């Protein structure tokens, strides 16, 4: 008996379907590039406002530096990442111009800078969250030792040591796992900034270039290296959070512990965002995995359909916009927390825009 021919219905499309997929990809690019500047500007403004508010509170002596040092570290990392991303976004837009002022084509070094900044932002955010959880655990379990032994200078030293450890681990991964080269182009968000789609470019040319990057830079190694540290830090944060909740619940009748519940609510919101952070990091690679088979078929000149490219764009958009929304929500939650602190503990009402600490006792 002759075996039936293989099912290629999922690999081929009718001309009408193919045309619709082309339009979908172009429409998604246009929509993403329309909302990206506004969302990035919102994230930048939210983080700058938080940085101003917390700086004013610390300089006035109303907020303890050691409590907010890690959130300041996260905020500065997010602001720097936004600025680097904005630079590459504008660079891509100004490269293909005629009579306008154009930026030069980026060198290999600048492409490395983007990859290092984006990946370390994943790591830095996760490290800040876990540090906040551990220090909160210490403050609840041993409040006197926390107040006396843990100084702002020690926290600053821990942050510096954490950055040195992150850089060391990152370059160790580059040398041992990636054979001495950066190949994070398989992260769809990073690839989007390094090689975007221009309205004057034929979508087929962009797909060919995309498949070359996917084939030469497989995402498996990059995914493992990028997402393992955040997952490890997330587990540390969750374990610390569970221990704190258990301790507060067991001492719920002690009035002095009631003040910690507000901090736990804020930390719980951050942990939920943290879980989303890990998911979005994986989504940034999931887009590349979904298009892997498509690129293999393209390389072999086999029948293929652009449905995988549409899926790639959905995953990329979700990862990018979601990551920026995380920056906005993180900064907003911390700003509202400080505003509520002043409103509750001040004898004179404080408006959100004044935000200049009044005498707090």
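Cβ coordinates are placed from backbone N, Cα and C, and glycine is handled just like the others.
A TrEMBL annotation is a machine prediction, not a hand-curated record.
Fair warning: this is a prediction, and the values are worked out from it, not measured in the lab.
Database features (TrEMBL):
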- 32-56: transmembrane segment (TRANSMEM)
- 68-90: transmembrane segment (TRANSMEM)
- 112-135: transmembrane segment (TRANSMEM)
- 155-177: transmembrane segment (TRANSMEM)
- 231-249: transmembrane segment (TRANSMEM)
- 269-292: transmembrane segment (TRANSMEM)
- 312-329: transmembrane segment (TRANSMEM)
- 336-358: transmembrane segment (TRANSMEM)
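Most Cβ pairs within less than 8 Å of the transmembrane segment (312-329), among stretches 32-56, 68-90, 155-177, 269-292, belong to 269-292. Contacts between the transmembrane segment (155-177) and the transmembrane segment (68-90): present, as 3 or more C-beta pairs lie under 8 angstroms, all at sequence separation of six or more.
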